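Record features (TrEMBL):
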COMPBIAS  A:600-610  compositional bias 'Pro residues'
COMPBIAS  A:618-630  compositional bias 'Basic and acidic residues'
DOMAIN    A:42-394  domain 'Protein-glutamine gamma-glutamyltransferase TgpA N-terminal'
DOMAIN    A:466-570  domain 'Transglutaminase-like'
REGION    A:1-22  region 'Disordered'
REGION    A:574-633  region 'Disordered'
REGION    A:781-814  region 'Disordered'
TRANSMEM  A:33-51  transmembrane segment
TRANSMEM  A:57-74  transmembrane segment
TRANSMEM  A:81-99  transmembrane segment
TRANSMEM  A:147-166  transmembrane segment
TRANSMEM  A:173-196  transmembrane segment
TRANSMEM  A:202-219  transmembrane segment
TRANSMEM  A:240-259  transmembrane segment
TRANSMEM  A:643-668  transmembrane segment
Amino acid sequence: MSPRSATRRDATPSTTGTRTRVRPHALLPDRHSWIDIAFTLALVGVALTAFGTSFTGVGYLVVGMVGAVLAVVVTHATRAAGWPIISAVVICLVLFFLLGGPLCLRSLGDAYALPGGATLAKVADQAIFGWKDLLTTLPPIDGDGPLLVLPWMAGMLGGLVGLGLAHLPVRRAWLAALLPVLGLALVLSGAIVLGVRHPQSLLLQGSVFAGLALAWLAIRARRASATVQGGTTSYVRTGGALVMLVLAATLAYPLSAPFTRDTERAVARNWVEPPFDIGQYPSPLAGFRKYIDLGGKKNDQNVYDKTLLEIRGVPAETRVRFATMDRYDGMVWGATDDALPGPADDAFQRVSSTIDNPVDGDEVDVTITLGEGWTGVWLPTVGALQSLAFDSGDARAKAELFRYNLATSTGVVPTGMQPGDTYHFTAIEPDDELTDETVGSSELSPLPTGAAFIQGPTEKWTEGAGPDPMDRVMAAAEHLRTEGKYSDGIGRTERIYVAGHSVWRLSDEFVNAPQIVGNDEQYAATMALIANEIGVPARVVLGAVVPEGGRVTGADVSAWVELRAADGSWKTLPTEEFMSRTPPADQVPETNTPMSGTVIPPPNPIPPPSDAGEQSDADLKERKATRKDAEEDEGLIPGLPGWIAVVVTYVGGPILLVALLLGAIVALKAWRRHRRRSADSPSARFVGAWRELVDHARDLGQVVPLGPTVTRREQSVGIVSGQAGVLARRADSFVFGPTAPEPGAATTYWESIDAERRAMSQEVGRWQRVRAAISLRSLRRTPARTASAGGAGEGVDPAVAAGEGSTPATGRVARLGARVRTLADWRSRRTPD
Amino acid sequence: MTISHEQAEWFKSTFDQLTDNMEKAVLGKRHVVRLALTCLLSEGHILLEDFPGTGKTMLARALANTVQGSHARIQFTPDLLPSDVTGVTVYDQHKGTFEFHPGPIFHTIVLADEINRASPKTQSALLEVMEEGRVTVDGVAHPVGKPFLVIATQNPIEQAGTYRLPEAQLDRFLMKTSVGYPDRQATVELLNNAAVRDRAALVTPVITAATIAQMSGLADEVYVDPAVVGYVAELAEESRRQPHVKLGLSARGCLAFVRVAKTWAAADGRDHVVPDDIKDLAEPVLSHRVLLDAEAQFSGVDVQTVISRLLDAVAPPTDRVGA
């Protein structure tokens, strides 16, 4: 006998008049289930903390745990209902998309509302491609951003996997115990892989997880063993297993030490290349001549006397960095994505409003407004950024696209910065002063191909400077400053000193020329090459020295060199240290250089293509339009502790949504009952009353036969109620009797049905009553196969059936047509189903 | 004019009384007994198809005994002549006239045992009497009286030397059913009373022929809502559309369906027919009227499967017509 039939038989009123308590499904967890649920949630919580270093705040944890709790509830409920595990997966999937918007896309304005197509698409997009954004964004990431979809998914996945595997019927005891732990270990591994190299807490993620996992493993092994072995348990074996595991855990660290380095660990971030290519933007050093004094000549691109930016928050003489160029390719010094060897934060990564950039120094709070002379993708900054916010223009879009290179302290906004744009940031100004005690780094960086020309002059200029690399660098700088001349190539006799810093320009026309002549571009480029040749890593910086008043014009722009010290910091070698300001003699030297007539204009800035992919301008504008004011959100619950506000902010929305959904279910049932009770004809009210009883039984979890070919008497067999058979007979007698029923009889019948419904509800517990009230079971329509002449089967509109005549619709197409017509005419039904 | 509630209740109690009486002989077969009684009260005939030793004859004799009337048993054999069933006209030398000598068919309950062993000619001799309740010999009609019930039996496994009943003959039977083996409890009870050689003798008449006729009249007055009638009509139409069906439900079958449903409803104490009555009676009423084609057997489809599909394909009404 099947369990269902057994339940039905047991629930049949006995001859003694007592009624069996109806409880077809054990929804409330038993002791074992509670243990599994508790361990699952605890392990998922620990696994989620792996995101702690990736996100700011605790929003990620709240969202993840909400997902885990929902998945656990769904998994347990589907198991209690006897549904397959795939149903739990499907329900979790629906909940994932349904609540993903309000929970995770609040920053985009998708909150407190049923998700639309765009929201669902965004949730799906983040679920599929979000890991890439997470790995290519410099942590920590804003705790309210769309990337919260990842912890939301991880939490739900953890709950589903943990409890689902715990419920999996496995014959082997050890496998039954191990599976859920392994599943959650995989979730933890996934979270770690998506995390950062430096874990937030090895103790929490490793020890606590391992401890919890071992405890759960032991409990489940003992439980499964007791089941399989007929009640016998093996304490010795369990204890031995625990000892072995502890021993293995103890030996793991020293044995694995040779293969690990420091506290860093293997994470996907190490291998995932950011999809951003800084090489597509022209070197700003190559365009240096737009900052030079043309001596009154008109040139639209020249910004010598134009305001580039106005800076507040830093004193005069502060160096503002436009861009750092750390690699020479024989043509230009350019910015690169991977200047430093090994895994390091030397790539241009997306960053959020706060930047984890540990640097010692003085903190400054700077506001910059770009002036009329500024165009381009480079973002002027000071020191090492700690936080940044755009105040004007398409601020949200710029923040989304902004990329920053921690190693070179260079920022880029791929969509470009425009005159009038304002932004503010906090930064640490490190000690970058080059002193006599500064020891150069010994990390050798190979010279680029074609730059061997610098070896000879370097050897020559540093003779007698001693073996110390830094001393040799300073000697070379001194030579350049004293022997070189300065020219922007403007004067009639100076037009031979062309722009650029290619190998040809720097060798034949600069260091190997009879007279070293050039401006910041050539001097800085050459100086950096010399330093690298000597063995001190160097790079070129284009920037400006802030004048009094903070108004930076093209005249303030210069190029200097930064040298890497032995402690890994970068020291500034000011332009004045290696560049002469003495103009060349008014004499045209012998040269085979074709003399160009005018100033070679700097290369036109190439409009940077958007690398945002799906983050197109339209998308960004849409998000901007729908985004709620962050300040309003922050002030949502004033006066309450922060964590309560966070919990309420993130959990309140879903709870409200769920409450609305549940209320809608109850209201829909009440409306359905009203329609049935007030149907046009009395016989239809009888039909409706019976359906109400059937639906109530279904909501209580009873297995009632359904379908268009099932009669009331057949249904009454499945209803666990003392009066169901009598009520079915009464309905039939009134409906099919020789005389049409009176409205009064229908009212009386409805009273009987109501009384029976109450009696059925009283037979079950309070929780099951609540569950029945919000159950969707009775709202699911049963399939109609064909209509009968005189009426309709369950779920078939009698009016439609009568309209179709006595010919039943057969065949799949005909039945589908009847079904569509039924649905279309649903509102006019006389006996609402 | 429809049957009143009181009449329906009386009908039900009498019907139950008859059933209880017959159950003295036929143990554990209440449903089959009720079907046989329904046939009797619907003025129809019943065909029992079952294995030997399942109580077919016992059922027929118990039914005959419970009604205050005569009964006869005709053992059908290949050499049985039609006149052996209907009777024969012989010349009376004393009176100088031909005189009709009625055959065994002239009884209230007639048990036609192993009817498929008789020749088609003899089987056809039953056609008129089963349909019209009379026998015409030499141009003279001889009514068999009321009530009149033919209980025919046939063995489904011994096909050698048998003549399959023609469709027209089958349609004359109101129902076809099988008795089946008794369940364990009935078997034990049967064995405990093994000393009782003839259980049918335990059944004594509890109803007169007049009362039977009265009950038949009441059954005719049971109300059938047009929705239920439409349900029967749809079942008939659908039976002709079902795959592997060569012959579906005929109009005579539909009439029989409604007639037997009325009696069935009255036996339940109701003055109206409900769709459940139709579903309950679908198999005994349809099983011998639905003929399958040759491919059905190769496809593993039998009549029961077709009837099940039929009931699955047509939705019974839930509301009355015009409500």
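Even glycines carry a Cβ here, placed using N, Cα and C.
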Discussion item. At a Cβ cut-off of 8 Å, and with pairs 6 or more apart in sequence only, do we get at least 3 pairs between the transmembrane segment (A:33-51) and the transmembrane segment (A:173-196), yes or no?
Written reply: yes
Fill in: Which of A:57-74, A:81-99, A:173-196 contacts the transmembrane segment (A:147-166) most, counting Cβ pairs under 8 Å
A:57-74
Worksheet, complete the sentence: Here the mean pLDDT of the domain 'Transglutaminase-like' (A:466-570) is 87
Worksheet item: Residues sitting near the transmembrane segment (A:81-99): Cβ under 8 Å, six or more positions beyond its termini, same chain?
Response: 25, 66-67, 70-71, 74-75, 114-115, 120, 123-124, 127, 152-153, 156, 160, 164, 167-168, 654, 657, 701
Item to complete: Kindly report the helix/strand/coil residue split of the domain 'Transglutaminase-like' (A:466-570) according to DSSP, in that order.
Response: 45 helix, 25 strand, 35 coil
